[in-house]
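Undergrad: For reference, the structure I am asking about is given below.
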Amino acid sequence: MTMITDSLAVVLQRRDWENPGVTQLNRLAAHPPFASWRNSEEARTDRPSQQLRSLNGEWRFAWFPAPEAVPESWLECDLPDADTVVVPSNWQMHGYDAPIYTNVTYPITVNPPFVPAENPTGCYSLTFNIDESWLQEGQTRIIFDGVNSAFHLWCNGRWVGYGQDSRLPSEFDLSAFLHAGENRLAVMVLRWSDGSYLEDQDMWRMSGIFRDVSLLHKPTTQISDFQVTTRFNDDFSRAVLEAEVQMYGELRDELRVTVSLWQGETQVASGTAPFGGEIIDERGGYADRVTLRLNVENPELWSAEIPNLYRAVVELHTADGTLIEAEACDVGFREVRIENGLLLLNGKPLLIRGVNRHEHHPLHGQVMDEQTMVQDILLMKQNNFNAVRCSHYPNHPLWYTLCDRYGLYVVDEANIETHGMVPMNRLTDDPRWLPAMSERVTRMVQRDRNHPSVIIWSLGNESGHGANHDALYRWIKSVDPSRPVQYEGGGADTTATDIICPMYARVDEDQPFPAVPKWSIKKWLSLPGEMRPLILCEYAHAMGNSLGGFAKYWQAFRQYPRLQGGFVWDWVDQSLIKYDENGNPWSAYGGDFGDTPNDRQFCMNGLVFADRTPHPALTEAKHQQQFFQFRLSGRTIEVTSEYLFRHSDNEFLHWMVALDGKPLASGEVPLDVGPQGKQLIELPELPQPESAGQLWLTVRVVQPNATAWSEAGHISAWQQWRLAENLSVTLPSASHAIPQLTTSGTDFCIELGNKRWQFNRQSGFLSQMWIGDEKQLLTPLRDQFTRAPLDNDIGVSEATRIDPNAWVERWKAAGHYQAEAALLQCTADTLADAVLITTAHAWQHQGKTLFISRKTYRIDGHGEMVINVDVAVASDTPHPARIGLTCQLAQVSERVNWLGLGPQENYPDRLTAACFDRWDLPLSDMYTPYVFPSENGLRCGTRELNYGPHQWRGDFQFNISRYSQQQLMETSHRHLLHAEEGTWLNIDGFHMGIGGDDSWSPSVSAEFQLSAGRYHYQLVWCQK
């Protein structure tokens, strides 16, 4: 044990937090989570242990701008002005200091290992009583599961130890410091340490005791470590559970270890042995270790699909059977290996349906509770995710247990990122930083190695490639050869990774960056001598309105076996709740706390909002990742299961044929499909519809029974096919009414019954409509070629740094947002049964014509206005965001009804999950409340739209809401939006894709750009 004086002054003088060679003082060795049961039955059933006591709750807290400002007296007693805070928590969420959001740039001046003298310091204290029996015998430990960034610990005024690495436990022996009665803990937490240089992850930078604190009482002679490994014969019919147990304390001949394996109430196997390890070398073996091997016939294998778990109980006892203590863990029998270029689980090649997940809560910062963790897992499972990457640090210990039990594959990642270093490997190639890096990797492995859900270790994130990585890769492969290791840094295919694991590599497009080219994922597979599997550690950057082009990745994954999926970036928006002057909550992002530097809204890349409400993009991910695929041939549906281990024992296939959303026929068939099997379903002869319209066949896989992660009736997969269109024609009834045209010096006015249309002859726009005496328009109907920029349109542009290649900057530079209409033509003609208005506009900026729009409006005796639009795009202007029409309707109706793709928001390159049907939603649901306002709410493939008294027909896309594109463009946060008068309607003949391969470079695929030069579309606008 390291002994230093208890004096605060001496601790401050040592400055351990600026010494990369000091990562801990007196911290105990890492190990799996312990509970030290004194009853093996309680260990088997995982009941709360009487030897494990939580210290979570209210602690006294005082904040100081620097550690030197902390008074020495604090070690002995609480300060008179100390506050009370809840532990675990981040002190920034209690109003102390400010959270800082930055992606790459370090929040402190880069001068490793030194940190600013103004180093915010939180002083925590807690008084507690200790059970006298704990003082009489054994060892009492204190466990801090997570403290950011570094801390010193005192107990009863005496210095205990020091720890850093904010994402792994720091555990200390308190036995020598405790006494009967009241005891006092004092914890000095520093915001910045040399460890901060290894924790440059894309997240909020927060501080404090943010994970659980507990006391653990162990016997003097104790189990100090145990690890379990499962091994198999070739066909997985026989397995061996290998348990290596290590003890600490007096090594006596009478000591025995028993390992028993349980499946529920049934004991499957058991073995007992004295200590004394196998021979290691010419000097012998470990006297304090023993390895037991239990044979298991026909084990029920663990997978994310069927997370079968056993329970291993490890007992330390004397020869006469007296139990000293027991530890336990869940065991999943599974094998992970790479063979012939494929990542295999239990002999089957995996397809990773993964997502990156930060630990984030909108109210509690980086504090995770069980309810939130379970909510995340349920949502992931419900949306067809089978894997999660712990980006970019080891998670709360409970997370892994939940993943074991619910079934998720886990990439466990070391808390190492040096993204802001120049070059990135400045520290990771420096031997002085090897001890700090080593602790972060080795302690992660030692804590989490017993979890079957952990199938891959990761050496960290975005830290270049250094010699330290190579050393740690070799250490893991030596200590735990049962799992592959991945690491993206230095080009994603270095010697420190078993898996090619690039981030944001595109399907077909190479990105030849200097030193570390990023090949297309298809090309990577074909590089000479390359036989590793490729799994994208990050792809499909889901920032705001994004995930366009997701389907092309999944087409490639299914086409090329060695493309084994990837992890979407990322799961949850990292917005935080703030309150305005009236106490109303709003969602904040980088810079909203006065934090500098900051990367604004780049913290919001989630498939779900911070409160776990899904983004529309989540449905696209669910659909592309679904485990059932469908093919239609005639009246036969072929259903293929992509499950590797599950039989479809809880699925029905529901099918329906509908004409323009009206059901014509339907049925339900139980699915009986084995793993990777097929089933053919023959549909009956379908009735012939009597009217014209689009005929669609929809199939849905429905789970009739609830599961551990879903309710009864859950839809897990679906597909639609458009059948041959019914071409029967219903002729319109003859009309004897003829619209009347009146011409004045300023307007053309057309009147038919109680309806009137007014076209302004100076502007050439439809300026007003009336139904009776009620005006229908607040603004004229006019062309629209722009959208409120998406995050993907903005890229890395900001006020102080313009990226001229970003779509929004190209549109601005070309004048798309500033373009004004110059009238070229506005004429009116009376036809035999209609009035025809013809207009032409040149949309110009600074004398240059960008678009020419020609329209005809034909108003007939039924009151239908047929609008034909022809648009020519200048050859030297950027491809526009949209080609359509916009106006502000006077009405505000509660409901929106449409026949088209829905129900969720969809865009041309993100619509495979949308279904063609007749949908009816509240107006409020037509708007997607992205925290950073942007273009949103589009519905594609629309044939008919009904709103208030109006109906539009054609083949178009639309969005409709209380917010104009202008307001969305000019507003920084959604809570600042105000509902405008009336309703804004945007009807597009064509709309550009949204992209999403990444959010910092143009990523809309060419086929989803509006590059044709000439466009035509038609609408019918009438009143019901």
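Glycine is treated like the rest: Cβ placed from N, Cα and C.
Residues or ranges marked as substrate binding site by Swiss-Prot: Asn103, Asp202, Glu462, Glu538, Tyr539, Ala540, His541, Asn605, Trp1000. Residues or ranges marked as Na(+) binding site by Swiss-Prot on the basis of sequence analysis: Asp202, Phe602, Asn605. What Swiss-Prot records for Glu417, His419, Glu462 is Mg(2+) 1 binding site. Taken from Swiss-Prot, the feature Mg(2+) 2 binding site covers Asn598. Feature annotation from Swiss-Prot assigns site 'Transition state stabilizer' to His358, His392.
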Undergrad: Which one is it, among the recorded positions Asp202, His358, His392, Glu417, Phe602, that lies nearest to Glu462 (substrate binding site) by Cα separation?
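TA: If we rank Asp202, His358, His392, Glu417, Phe602 by Cα distance to Glu462 (substrate binding site), first place goes to Glu417.
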Undergrad: Could you state the CA-to-CA distance between His419 (Mg(2+) 1 binding site) and Asn103 (substrate binding site) to the nearest Å?
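TA: So the Cα of Asn103 (substrate binding site) lies 8 Å away from that of His419 (Mg(2+) 1 binding site).
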Undergrad: Neighbours of the Na(+) site Asp202, Phe602, Asn605: Cβ within 8 Å of the Cβ centroid, same chain, sequence order.
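TA: Counting only non-site residues, the set is Asn103, Met543, Trp569, Asp570, Gln574, Asp599, Cys603, Met604.
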Undergrad: Could you check the recorded positions His392, His419 and say which one's CB has the fewest neighbouring CB atoms inside 10 Å?
TA: His419
Undergrad: Where the distance is taken from Cα to Cα, which of the recorded positions His358, His392, Asn598, Asn605 turns out closest to His541 (substrate binding site)?
TA: Asn605
Undergrad: Near Trp1000 (substrate binding site), how many other Cβ atoms are within 10 Å of its Cβ?
TA: 17
Undergrad: Applying the rule Cβ within 8 Å of the centroid of the Cβ atoms of Glu417, His419, Glu462, what extra residues of the same chain belong around the Mg(2+) 1 site?
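TA: Surrounding the site, in chain order, are Val104, Asp200, Gln201, Asp202, His392, Thr418, Gly420, Met424, Gly460, Asn461, Ser463, Gly489.
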Undergrad: Spatially, and counting Cα to Cα, which of the recorded positions is closest to Phe602 (Na(+) binding site)? Options: Asn103, His392, Glu417.
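TA: Spatially nearest to Phe602 (Na(+) binding site) by Cα position is Asn103.
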Undergrad: Is Phe602 (Na(+) binding site) helix, strand or coil when read with DSSP?
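TA: Looking at the DSSP assignment, Phe602 (Na(+) binding site) belongs to a helix.
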Undergrad: What is the one among the binding-site residues Asn103, Asn598 whose Cβ has the most other Cβ atoms less than or equal to 10 Å away?
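TA: Of the binding-site residues Asn103, Asn598, the most buried by Cβ count within 10 Å is Asn598.
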Undergrad: Can you check what DSSP calls Glu462 (substrate binding site), collapsed to helix, strand or coil?
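TA: Coil, per DSSP.
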Undergrad: In Å, how long is the longest CA to CA span across Asn103, Asp202, Glu462, Glu538, Tyr539, Ala540, His541, Asn605, Trp1000, which the record gives as the substrate binders?
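TA: Greatest Cα-Cα span of the listed binding residues: 18 Å.
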Undergrad: By CA distance, which of the recorded positions (Asp202, His358, His392, Trp1000) lies nearest to Asn598 (Mg(2+) 2 binding site)?
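TA: Comparing Cα positions, the closest of these recorded positions turns out to be Asp202.
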